[in-house]
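Residues or ranges marked as domain 'Peptidase S26' in TrEMBL: 15-103, 109-151. Annotated active site per TrEMBL: S43, K91, in sequence order.
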Amino acid sequence: MAQAQSWARRCFKAFCKGFFVAVPVAVTFLDRVACVARVEGSSMQPSLNPGGSQSSDVVLLNHWKVRNFEVQRGDIVSLVSPKNPEQKIIKRVIALEGDIVRTIGHKNRLVKVPRGHMWVEGDHHGHSFDSNSFGPVSLGLLHAHATHILWPPERWQRLESVLPPERCPLQTGEK
């Protein structure tokens, strides 16, 4: 009987040690390195959720890649919604600071992206709440870079950073 209690006590201690090490490591990893997220809605069709409301893609979000706010035109990124800080949205980067972009339905036909900002749009124009609705987005709202589709299995793939030719900036702010 004493041997069983000793064994149970050792197991409990080992579990506690593992738990108190694993939880902070897991939380740090998910917060700083990468996590997964389900994509809802049709704003990124056909790149994400091509089946519409019947299916939702699950993507890998790489936090590490955007830690210095380095994004490229064509990247698919996750960001905090400028209109609702409780919500994360996923969009494609169309233009970076200094670029002049032709808008789709924005109050100004042409917009020069200010310093420290980016212009983001959904791939499904007309069905996307994006920079055409709220203007340039601060890089400080950047959350992660979407790198892979993980689910459903038949759609498992790397997400390429491709800028549609019709959405290229009219003038880039590159030096």
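The chain as shown is numbered from 1 upward.
In case you wondered, yes, glycine gets a Cβ from its N, Cα and C as well.
Predicted automatically and left uncurated, TrEMBL annotations should be read as such.
Rounded to a whole number, the distance between the Cα atoms of K91 (active site) and S43 (active site) is 8 Å. Remote same-chain partners of the domain 'Peptidase S26' (109-151), defined as residues 6 or more beyond its termini with a Cβ less than 8 Å from a stretch Cβ, comprise 34-36, 42-48, 57-63, 65-66, 69, 71, 75-83, 88-103, 157-159, 164, 167, 170, 173. The residues of the domain 'Peptidase S26' (15-103), classed with DSSP into helix (H, G, I), strand (E, B) and coil, number 24 helix, 27 strand, 38 coil.
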